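Presented below is the structure to which this report refers.
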Amino acid sequence: MKILLIGMGGTIASVKGENGYEASLSVKEVLDIAGIKDCEDCDFLDLKNVDSTLIQPEDWVDLAETLYKNVKKYDGIIVTHGTDTLAYTSSMISFMLRNPPIPIVFTGSMIPATEENSDAPLNLQTAIKFATSGIRGVYVAFNGKVMLGVRTSKVRTMSRDAFESINYPIIAELRGEDLVVNFIPKFNNGEVTLDLRHDPKVLVIKLIPGLSGDIFRAAVELGYRGIVIEGYGAGGIPYRGSDLLQTIEELSKEIPIVMTTQAMYDGVDLTRYKVGRLALRAGVIPAGDMTKEATVTKLMWILGHTNNVEEIKVLMRKNLVGELRD
């Protein structure tokens, strides 16, 4: 089967220099150094070579366009990418590139491929096995697991087991030499489409005790077109000793204000507590069980299509690519 590997940089492609590790290896060099032998019918393309902290929305556009041009030429595509923003990229690609007819698999490593104890060989082998599975969609392969790209979050900063599938089944797992498929997502059978429209003017604000409405007003004045609040637990807005709820009620008529949770699992339910119900009445849009990465990139993508707050509310609460429980 014919596979394309696209290099974006990251730890997997990094070499240690005077200023620490820096992405510099080509994706072909990464494969060779990792000792991957089962990729004889592979092509290689170096699109970027950067630390993923440097990834910007324009890089998503470049990658989505490149993927779109190649999805009908290959049986699978692997994207090597830095881990810090990998889940943002896999989520945005899921929204920009609909109904890919092949597996598109993101992977990387926590330890550079040049190091003896690198996890690059395991992750690349897992990605190659899944890229030849014929299971279409956008995925992340890491530490012997395959996860849906729009349901993946980085949860550890040092461990090889850096990513988890959030509120969604693990798609496949490596057991010995075999990749065992546990779950196949259901997607529409439509033709692959590319829709790059998005607006990156989204601000994420973490709710903490004492937070006031000033920062929300400032965000609107600075031209931000959407706000995501990382709230507590199941979600809610404080109404005691703060102008926050009143401010949000005023601003939610102008821009979408979405609430996700600081907790990793289970998502938000704004109907559960009074603080949540008051937030709903104030116009806050619940993110449901979406990851923070999916919430942010979905809002960016929707803002590229409409400014109408009511339309945005409907789309944010609609499952588009598997990011949200129906």
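Every residue gets a Cβ built from N, Cα and C, even glycine.
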Among Thr11, Thr114, Thr126, which residue does Swiss-Prot name as a further L-aspartate binder in the site formed by Asp51, Ser52, Thr83, Asp84?
Thr11
When you average the Cβ positions of Thr11, Asp51, Ser52, Thr83, Asp84 for the L-aspartate site, which other residues in that chain have a Cβ within 8 Å of that mean position?
Gly9, Gly10, Thr53, His81, Gly82, Thr85, Leu86, Gly108
What remains of the recorded positions Asp51, Ser52, Lys154, Tyr273 once a 10 Å Cα-Cα cut-off to Thr11 (active site, nucleophile) is applied is Asp51, Ser52
Average the per-residue pLDDT over the domain 'Asparaginase/glutaminase' (1-319) and send me the rounded value.
97
If one looks at the chain holding Tyr273 (active site, charge relay system), which residues at least 6 apart in sequence have a CB under 8 angstroms from its CB?
Ala234, Gly236
Once near-sequence residues are set aside, which residues in the chain of Ser52 (L-aspartate binding site), 6 or more away, have Cβ atoms under 8 Å from its Cβ?
Met8, Gly9, Gly10, His81, Gly82, Thr83, Asp84, Thr85, Leu86, Thr89, Gly108
Structural state of Lys154 (active site, charge relay system), classified by DSSP into three states:
strand
